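Have a look at this one.
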Amino acid sequence: GRVQPLHPLAALPWAGACGPPRSAPARAPATRAAVRVHQPWQPAVAVPDPYSAPEPARGSERGKGLQPAPEGRTNPLRLECSCSCTRDTAFCVDSKAVPRNLPSEVISLTLVNAAFSEIQDGAFAHLPLLQFLLLNSNKFTLIGDNAFIGLSHLQYLFIENNDIWALSKFTFRGLKSLTHLSLANNNLQTLPRDIFRPLDILSDLDLRGNALNCDCKVKWLVEWLAHTNTTVAPIYCASPPRFQEHKVQDLPLREFDCITTDFVLYQTLSFSAVSAEPFLYSSDLYLALAQPGASACTILKWDYVERQLRDYDKIPAPSAVHCKPMVVDSQLYVVVAQLFGGSYIYHWDPNTTRFTKLQDIDPQRVRKPNDLEAFRIDGDWYFAVADSSKAGATSLYRWHQNGFYSHQALHAWHRDTDLEFVDGEGKPRLIVSSSSQAPVIYQWSRTQKQFVAQGEVTQVPDAQAVKHFRAGRDSYLCLSRYIGDSKILRWEGTRFSEVQALPSRGSLALQPFLVGGNRYLALGSDFSFTQIYQWDEGRQKFVRFQELAVQAPRAFCYMPAGDAQLLLAPSFKGQTLVYRHVVVDLSA
């Protein structure tokens with residue numbers, strides 16, 4: 001409800017000069033060149049008017065108001081202002097704008113029931129001596145950033161009973177002498193941080209009668225109220241419901257959860273890609289991207305000075321689907337998997353600073369590669385290739401002295417789509433998803449030094465991609481589907497159980513990743529926006545967090561680069577986008 005603001009102006013000798021007359025007689029004109037304007041509710045106004053008639057002769061009737069101006073000439077006072085004035089005060093009602101023809105020596109101005117809604121920049125700059133300004137019962141909705149600029153002597157400012165919903169942090173800029181401020185009985189729901197910072201000597205503040213929304217935008221006010229020397233009348237929250245009717249001064253800061261995160265577009269790579277693999281080599285950070293459209297595996301290098309990804313090198317690859325970097329014994333190798341023309345392994349020669357072909361991958365064994373996974377088991381390096389052809393077989397290769405050699409052929413004829421290596425509880429496992437059967441789990445046998453089939457993930461018969469993550473002591477699988485819902489499964493000791501289904505029509509890529517203490521899941525789609533989910537520890541589920549405008553993503557890749565936490569989204573149809581993870585303080 002409305003409150004009655006308390007004005008400390010009553011004791012001032014000039015405070016009551018701007019208002020409806022009581023019994024005080026009208027002030028006589030200061031000079032013969034002045035006329036007096038009388039209205040039933042106003043005291044006399046003494047304003048020089050060069051367009052009025054001469055002063056009436058002695059004994060003639062006074063108080064008839066302004067005399068008509070000569071034909072063709074307009075009286076500016078009549079058009080611009082309906083004010084009652086004394087030598088240093090003005091009281092204006094129904095004004096269509098801030099009066100411009102007031103004497104510059106006016107120190108008190110009152111605007112009531114004004115017929116305009118916006119106070120523009122510099123609106124009072126023509127009144128540099130103003131000390132008291134009352135803007136009461138108007139329809140003001142907007143106040144410009146520099147509305148009060150030039151009022152360095154203003155001590156009392158009352159903006160009351162208006163329709164102001166919000167203010168800029170620069171609203172009170174320049175008011176270095178202000179001691180009393182009232183914003184009572186407006187529609188303010190929040191106040192920008194540091195709005196009172198320019199008011200060095202503010203002693204009294206009235207914010208009552210506003211519907212304050214006590215969310216993170218008000219947290220700074222709670223902190224300020226706890227430390228300021230300004231006297232502030234009690235103010236109360238109108239929302240949210242848990243704080244309704246609570247005194248703002250008494251709100252505990254711990255109740256404000258104002259830190260959140262966001263993914264913002266950081267860099268745009270002007271090419272399409274279908275895979276992205278970051279790697280460290282010789283203390284530098286690189287990124288390998290498969291670009292079938294450019295017939296290359298492109299290597300980018302992170303520039304720590306410019307904080308951008310820069311072109312570094314290219315490996316010819318007419319139909320690349322995956323470029324997998326591996327650093328073995330301080331040597332850099334890149335496995336280039338292609339749909340046509342065979343797959344190869346390249347070696348980086350630091351002497352010639354170029355990639356050279358090291359060996360071929362048997363085209364009879366790997367016909368149509370779809371994914372690559374590299375890992376170490378008991379000190380040995382391996383990589384596995386998922387083969388999506390009807391006649392192919394997913395194969396395992398092992399590093400030995402000077403090259404990679406075929407080590408094991410996993411199940412054939414199943415058109416495998418994705419691989420995920422899981423090394424948990426000292427038991428290395430390889431999970432293989434397929435378009436023709438449920439994902440198969442292989443466990444490493446240290447006796448046979450091979451993977452042995454352990455079981456199937458029967459809940460998802462047609463997974464396009466499979467990824468895993470750990471949350472606390474629990475292990476989870478994320479499985480994307482092109483038709484139907486993607487699934488989140490939890491390992492229960494002997495089997496997986498479904499904990500969540502995520503709508504994902506057209507999904508070929510998903511990726512869980514951890515940034516600081518925040519766990520996310522990126523879930524792509526060929527038909528809609530990419531969805532970023534955040535893990536809710538209490539509910540043990542992912543909740544929708546953000547949408548990213550990525551066209552037809554084929555992979556997601558988390559890449560920490562110094563203090564920049566990056567998420568890369570290679571796109572099959574559009575540009576490859578790099579997003580940065582940022583922490584946002586909602587109370588700022």
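Even glycines carry a Cβ here, placed using N, Cα and C.
Taken from TrEMBL, the feature region 'Disordered' covers 14-33, 45-73. Look at TrEMBL and you will find 15-33 tagged as compositional bias 'Low complexity'. Positions annotated as domain 'LRRCT' by TrEMBL: 210-259. Residues annotated as repeat 'EAR' in TrEMBL: 262-304, 308-350, 354-401, 403-446, 450-493, 495-537, 541-583.
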Check the repeat 'EAR' (262-304) against each of 403-446, 450-493, 495-537, 541-583 and return whichever range has the most CB pairs under 8 Å.
541-583
May I ask for the residues of the chain that lie six or more residues beyond the repeat 'EAR' (495-537) and have a Cβ under 8 Å from a Cβ within it?
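Contacts with the repeat 'EAR' (495-537): 261, 263, 455, 457, 459, 464-465, 467-469, 471, 476-478, 480-489, 543-550, 552-558, 565, 567, 569, 581.
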Summarise the model's confidence over the repeat 'EAR' (541-583) as a mean pLDDT value.
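Overall, the repeat 'EAR' (541-583) comes to a mean pLDDT of 96.
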Could you count the residues of the repeat 'EAR' (541-583) that DSSP puts in helix, in strand and in coil?
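Residue counts in helix, strand and coil order: 0 helix, 29 strand, 14 coil.
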